[in-house]
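Trainee: From TrEMBL, for reference:
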SIGNAL    1-25  signal peptide
DOMAIN    27-160  domain 'Bulb-type lectin'
DOMAIN    292-375  domain 'Apple'
TRANSMEM  381-401  transmembrane segment
TRANSMEM  413-433  transmembrane segment
DOMAIN    488-758  domain 'Protein kinase'
Amino acid sequence: MATKGRIDMLVRFSCFLLLMGSCYSQRDKLQQGEELKDGDELLSAFGKFKLGFFNPFMTTSSSSKRYIGVWYYKPEDRTSYESSFYEVVWVANRNSPIFGKSGSLRIDSTDGNLKIFHSGGNPIAITSFEGARNTSVTLEDSGNLVLHELNSNGSIKGMLWQSFDYLTDTLLPGMKLGINLQTGHQWFLRSWLTLESPAEGSYTFGMDPNLTDRLIIRWFGEVQWTSGLWSNEEFKSWVDRSYNFSYTSNEQEKYFSYSVKDDVIPFPRLQIDQYGDLHADSGFYITDSTICNRGSSYFDVKSGLMSSVDGTKFRESDNMTLHDCRLKCYKNCSCVAFAATNTENKTGCEIWSRGTKFIKSHTDDSRTIYLEFWVTAEIKWRIIAIVGALVVILLCSLSYVARRKYKRKEEKWWLSLTVAVGIVILVPLLSYLCYKAWRKLKAEVQRKMNRRKLLRELGGQTKEKDQATNHDLKIFNFQTIVAATDNFSTANKLGEGGFGPVYKGKLLDDREIAIKRLSRRSGQGIIEFKNEAKLIAKLQHTNLVKLVGCSLQGEERILVYEYMHNKSLDFFIFDSDRKKLLDWKKQVNTNRVVGTYGYMSPEYAMSGIVSTKTDVFSFGVLVLEIVSGKKNNSCYHTEYPLNLVGYAWQLWNEEGFNTVIRPVIAVDATHLKSKTKGVLLVAVCKDGNEMIYPLAFGFANSECSKSWTWFLKQLHDVILHPELVLIVSDRHTGISNGMRAIFPNSAHVLCAYHLPTI
């Protein structure tokens, strides 16, 4: 039996070595005289980054525009919250796309420069050095593409050029934001034009040229955002402490760079998008006083023409998106319409001022125009105000005519009194009605603006009929939520967590939902609300509770989930009677996501640092609750720690696993052994070692990878089936030896190798 186990392990290890060899067989260098054709790729030493030709995000694979760049490499079957396979961090020809797949990357044999050759014209030079050189280019595991000059024997003589000096829209650890004082070269990020085009956009992110101790985002030169001043080795307004910034200032250069503390983020980067969003909880936005107060107007898309065919066009029109054009219009108080000048990719900008009329048309020469509209309610109340003013003027006129007609003094006083009383009553009444109408209108416009802003941040587009995003996330009216929950009645209350109370509700179509209402006492705000909405909206899995939609009105922040008819796991395992309804197999086959104190990893609960370790910690707590039948956030004995993790760990060290496992009906050897392995698994999760982090399970490419889903399946099998034993190979703690001592006759072994994080 032991021989069979050794043979099985030897075969598995041999397969592992074979796979690892094939994984890293791809090259990371391009020598002089070689070429990288469209379809070929360079892979960095540890498989983190790739260099090759690609289509931009949101474009079809048949798109004729091709770019060459570096992207973070994630095999297709690895768990990812991103909807795009390519997470591009650098583009060589962002303003000069290649049409078709005729392109190739080469080092010119005559001068040693790196160039893109294609059938559509002259080569596109990436580097431009004079004189013949012997060079090679290497894709480093940091994502840096480096051109080296070589000696005659092939050894590296020095670095000639690196992509880290020519940034696009992404800042990786090791990159700089600042200025080279000797050459005048500046390091800064510039956004993509659109999701479909990596051409230079309108937003830049870099060091403030006037105040070199802060970072800023600028839109066509105007400051939109600032990190706050650099003081005591940190930015005062930078909230996210996962990014550890440093500042370097000497005679040659001044720049900021950053690293990530304890590698808490698998793919650390700062990226500025086409809306000027840095994708980091940091800094603050500058209030722009030049934005016109347009009251309750909004822009709606129409098809037609403007009476003045030519509007105002801008010098930087080619690098403007619809988002930029909208801002230009908002800054011009006389602007009533705007449109893109390039209808193919919706770039360029043209605006029209008041006095021009819109002509509805569906002819071939009609254009897509964003036209200013006023909210109907405001028009109604404006009419009421005008009519009221006319009534007051009419009364005053009648009073004047009557005073002239009637000469006798005794006949004048009652008429004057009537007019005066009418004015005294009507003017305050009309003023009050106008004020109420203004307040109501302001709230309605704010609600619409918040909804549109949230939709944009969720990456969706508003659909006029159902008000949904492209993630099928519906924006509910607050009155709909009130009706569904019977005005948040206590009878419909399901529970309450750190976010706030949760209610059961029923929509008009009889669909049952769970409504999570942000509590004012929760300490969470709009940032946490948006983070949860944005994250869960993009996650679609059969084992995850689906986010149906959300609601924003005034101070109300509401998330709408699908209703779980079968309750949650703790509904059963923490109740003395109901836990008998679930057998052991059902209990360990249940998963949930927990975000309450006691389930969160210490670094997240105390420092706000989120990483893949957070999920491992929470998973360990969940398994421990299952095998013990106790809640984590309860005190069990005055002599022991206050939470279940510390309590179980101390019992484990003092008395063994039998005191941790809860008694259940009909406990047999199989269940006992299964629970023992559950406790061992928790011990591994609580150990804090990186050997079981999700991203450590996988190889360098899609042919060799094992996904996180695969890993969870193995853990599931380990707990359910007594013939499987989890043996973790660890060079520090020797946990594997202890597990082998408990299960010496295991025929099947699951090895978790300590691999570099990918």
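Even glycines carry a Cβ here, placed using N, Cα and C.
Show me how these features fit into the structure around them.
Mentor: In the predicted model, the domain 'Apple' (292-375) shows an average pLDDT of 78.
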Trainee: What counts of helix, strand and coil residues does DSSP assign across the domain 'Apple' (292-375)?
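Mentor: The domain 'Apple' (292-375) comes out at 13 helix, 35 strand, 36 coil.
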Trainee: May I have the DSSP-based helix, strand and coil counts for the residues of the domain 'Bulb-type lectin' (27-160)?
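Mentor: Helix, strand and coil residues of the domain 'Bulb-type lectin' (27-160) number 0 helix, 58 strand, 76 coil.
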